[in-house]
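Worksheet for the structure shown next.
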Amino acid sequence: MGTEAEPPSPPSPPAQQQEQANPPVWNAQNQKPARLYRLVLFFIAGSLTAWMFHAFSSSNLAWKLRQLHHLPTAHYLQTRDEFALYSVEELNAFKEFYDKSVSDSVGASFTEAEQTSINEALVSLRMAQDMYLTGKDDKAARLFEHALALAPRHPEVLLRYGEFLEHNQRNIVLADQYYFQALTISPSNSEALANRQRTADVVQNLDQRRLESLDSKRDALSAIHESNAALRRAKKEAYFQHIYHSVGIEGNTMTLAQTRSILETRMAVDGKSIDEHNEILGMDLAMKYINASLVQKIEITIKDILELHRRVMGHVDPIEGGEFRRNQVYVGGHIPPGPGDLALLMQRFERWLNSEHISTLHPVNYAALAHYKLVHIHPFIDGNGRTSRLLMNTLLMRAGYPPVIIPKQQRSKYYHFLKLANEGDIRPFVRFIADCTEKTLDLYLWATSDLPQQIPMLIQTESEAGERLAQMQSPNVAQRSSILEFYESGSGALP
């Protein structure tokens, strides 16, 4: 039998014939979707990888920011968001600068003199601890203070002195401040971190109670009618005092009597420079502007701040008054932003000043922060301190507080707390402003009380203080003395 022939295959359809005739073209067309699919997968995978890397970097950066004082984050002040001085945008803008500052400070080497001071401080520290263990607390305290004076930024000195203050002196606020400083210098210091975790909440509660006490005194003062003659006299005296002390902080040598004479008679004082006269007249113009206009405004703008500065400097330097500086300036160890950055920084400051966020701040905290932020930017060639203090008092007055007087005798402490704020902890400066606020409230309340003799608002010299105290007949001499000592001693500590 022969093999059966296979039936012929049916003819291919035209489409199949075309596909068989051109197989390479069909394969290329079939591979295009696969290649596009792979590109999409690669893009998604790359995006996820980039996102994960960014998330890791952000979390790592956030950890660093919480530990380092150079970056003003929420950790900047009691880890509370409302105290952060800068926005996230500002943090990103300044990150490179701060990272360089940290690396420079870590890699800095000590001079021979500095190393000698550190070695001596560590010897004093060991002796202080020995004295403390043997119950000689007074000697231990002096040795701790000596060690701190020799090495004020040594983590071990800050840590041990803080522990002594916390457990022996019961000064938990100052101890917490030193723990904070130790962490800013040595972020990985586990002892300092543990100590601060123990004290932070306690100190925060103490600060809150202090602010509530200020509110109570403010309310008591607000309850006194404006027609009260003693209140009117106190306000007039406080006006002279405010100008005298504010220009005195900047180095003006006029006495209180001379300041009052210039403001009341507009007559020159022999032996004093024209600039010193003009500084007083400029402050007078600025305070009248605040009382007549600024304190009633809902929002304070850059224009308002420029107008305030224009009056402060109007008699001293009318060309620079109300104008941003055009040169770089240096303020001690602080290097303010360059003139090219001032417009942007002041716009951000204006937004912060009028943001809804500030409604969560206590008025004293808000005013102190505004003071610090403006003086930190340092937008003017001169008059920054006076303008910042005037702005602070404007904000306090809008909240029902009287203008706060920062005594010129407290000048060194005032600048020291500003320096601590630049180094990362603004709380001591806020507490200092709270101290001054309380003393000012006490003086107003005392002046309007039923005591037979009113307490003097402020005293210029120790001899004058002694003379006034001898004239007082009130039985509560101790409290009178404590208020006077605040303005005379230079400690600024509350009794």
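Keep in mind that glycine also has a Cβ here, set from the backbone N, Cα and C atoms.
Features of the protein shown, as given by Swiss-Prot:
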REGION    1-23  region 'Disordered'
TRANSMEM  36-58  transmembrane segment
REPEAT    155-189  repeat 'TPR 2'
MOTIF     246-251  motif 'Inhibitory (S/T)XXXE(G/N) motif'
SITE      GLU250  site 'Important for autoinhibition of adenylyltransferase activity'
BINDING   GLU250, 331-334, 382-389, 414-415, ASN422  ATP binding site
**Request:** Would you count the other CB atoms within 10 A of the CB of GLY383 (ATP binding site), including those on all shown protein chains?
**Result:** 27
**Inter-residue Cα distance where the pair is GLU250 (site 'Important for autoinhibition of adenylyltransferase activity') and GLY332 (ATP binding site), in Å** = 14
**Structural state of HIS334 (ATP binding site), classified by DSSP into three states** = strand
**Fill in**
Checking the binding-site residues GLY332, GLY385 for other Cβ atoms within 10 Å of each Cβ, the smallest tally belongs to GLY332
**Message:** Whole-number answer please: how many Å between the C-alpha atoms of GLU250 (site 'Important for autoinhibition of adenylyltransferase activity') and GLY385 (ATP binding site)?
**Reply:** 8
**Item:** Within the motif 'Inhibitory (S/T)XXXE(G/N) motif' (246-251), residues counted as helix, strand or coil by DSSP
**Value:** 4 helix, 0 strand, 2 coil
**Reduced DSSP assignment, GLY383 (ATP binding site)** = coil
**Request:** Inside 10 Å of the Cβ of GLU250 (site 'Important for autoinhibition of adenylyltransferase activity'), count up the other Cβ atoms and send me the figure.
**Result:** 14
